[in-house]
């Protein structure tokens, strides 16, 4: 036992830091874990570089960056090769395209696909370690490196090839949390710089994508709450947060939206409504901190915040009412029924429960809820410190968002790692002090309870033992089970003269990534008309001699029998084109080009 205690103490000494070297040591640890993460993927041959696993957003992001490098205007976000003739405007931000484009120009496309997510992984882990050290001390650094690294591995947004903007938003959210924790910590000298840094990260999150708006709102609430509580430090944080938030939002609008569109309203991307509220809210918060009469007493501070909130609400309701309702209100009802309801990341907790998706539920909800319990118990025993309160606000909101849409779990799992690592750190201290096996058992248990991957495995064991829809369907042949997400599956299609391809929505992005063709559909809500047109063609009976396909300019049909979306379409429309082809009956107006019915992706030319 003494030998075990000695080893534990020796390992702990490797992670002790002082004020001068802490950041450097933490960065070194984050880099070391990142290199281990990279080695793990390298040992497996970087499978995510050759098999997209259906990561449509990363595929289309690369297409968008390629278009930018090929000369498409910085302000032109149209995706011309998807949708009806002329394409449609994407709601993504050039702020993500820029660093990826620079990397591609510097090191090449393949290396950039690896380096970009690895950089964000290292940054995210560094911020987790820094935030954990702030509340848990040296003893929590090792747990932060391990649980934080496993949490980032679990959320699956940092694998090689992951260009989707959610990884950058997560890194910025962690930056917001750490900066705000540092700014509000008792005795901190970083009130101004921390408040400004938190605001810059929060504003960038929103500029990149509206799904991060709740976390920017959490940062605003923390800054406003600090101002309400009073005190020189809190007022300083609020002042610099407000100024930086307003300024960064305005700069992002100017940098990513052409001047002629500054006054246009887009509810799903940075535009006039979001920038107006950021300038009003941030600027207003900063303004009241400069007026002594409005910040002198609690009553006056409360009155100022209520007045500011009412004014911002009035502006939002009166000027931008269209942005206050269902974000998918304009989505075609057929797409809402057959597409949106099947998007996994958009599912609610209640939908997951109904579907008995216990592995997803356990993986994405267990550690965040456990972390909330830890924070609650700590608050009851010792009261809330400012950094712990910041964590509680962000984690509570992230859990609430994940109950609405499971994609919020990407944030809540990462936030929870900070809390749980700090808890393990306290138990490590107790284990070292008591030096007996019984003191180390609770620590070992919490180590296990802090790993979402283990929770996911437990949930999977409780799930009904049913096969995938494609495998369970009597329409799908056993040998046709490829989902056609491997880049090599598109090789034959890429050799054909450029044309318009009809395929399922989950193959739209990979067709653009691997070929010079255009497609009607892809899993993007702004492509309302193109998605509806493709759905109509795939679900309609094929007895029109191909007139519908020709009217839409379709040159090829790329058919993947093993993809679950194909099987679902056949289930929804048993007499439709997808069902008929899945049953092996090829309409006369389709000419097979692959020469093999067992090819993963079957290609047909529409006859003239």
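Note: Cβ is positioned from N, Cα and C throughout, glycine not excepted.
Caution: TrEMBL annotation is automatic and unverified by curators.
TrEMBL has this to say about the protein:
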type	residues	note
TRANSMEM	23-43	transmembrane segment
TRANSMEM	100-128	transmembrane segment
TRANSMEM	140-159	transmembrane segment
TRANSMEM	165-184	transmembrane segment
TRANSMEM	214-230	transmembrane segment
TRANSMEM	237-257	transmembrane segment
TRANSMEM	277-295	transmembrane segment
TRANSMEM	302-320	transmembrane segment
TRANSMEM	358-377	transmembrane segment
TRANSMEM	384-402	transmembrane segment
TRANSMEM	408-425	transmembrane segment
TRANSMEM	437-458	transmembrane segment
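Segment contact holds for the transmembrane segment (23-43) and the transmembrane segment (140-159), given three or more CB pairs below 8 angstroms at sequence separation of 6 or more.
In this chain, the transmembrane segment (437-458) lies out of contact with the transmembrane segment (214-230); the count of Cβ pairs under 8 Å, excluding pairs fewer than 6 apart in sequence, is fewer than 3. Remote same-chain residues near the transmembrane segment (358-377) are listed as 151, 154, 349, 352, 388, 391-392, 395-396, 398-399, 402, 406, 409, 412-413, 415-420, 423, 449-453, 455-460, 462-463 (criterion: CB distance under 8 Å, separation of at least six residues from the stretch ends). Outside the transmembrane segment (408-425), and at least 6 residues removed from its termini, the chain residues within Cβ reach (under 8 Å) are 124, 128, 131-132, 135-141, 143-144, 146-148, 150-152, 154-155, 157, 166, 170, 173-174, 177, 214-215, 363-365, 367-368, 370-371, 374-375, 391, 394-395, 398-402, 443, 446-447, 449-450, 452. Long-range neighbours of the transmembrane segment (437-458) within the same chain, counting only residues 6 or more positions beyond its ends whose Cβ lies under 8 Å from a Cβ of the stretch, are 1, 143, 146-147, 150-151, 153-154, 359-360, 362-364, 366-367, 370, 413, 417, 420-421, 423-424, 427-428, 430-431. Contact between the transmembrane segment (384-402) and the transmembrane segment (165-184) holds: at least three of their C-beta pairs are under 8 Å, each pair 6 or more apart in sequence.
Scored by C-beta pairs under 8 angstroms, the transmembrane segment (140-159) has its highest count with 100-128, from the stretches 100-128, 165-184, 237-257.
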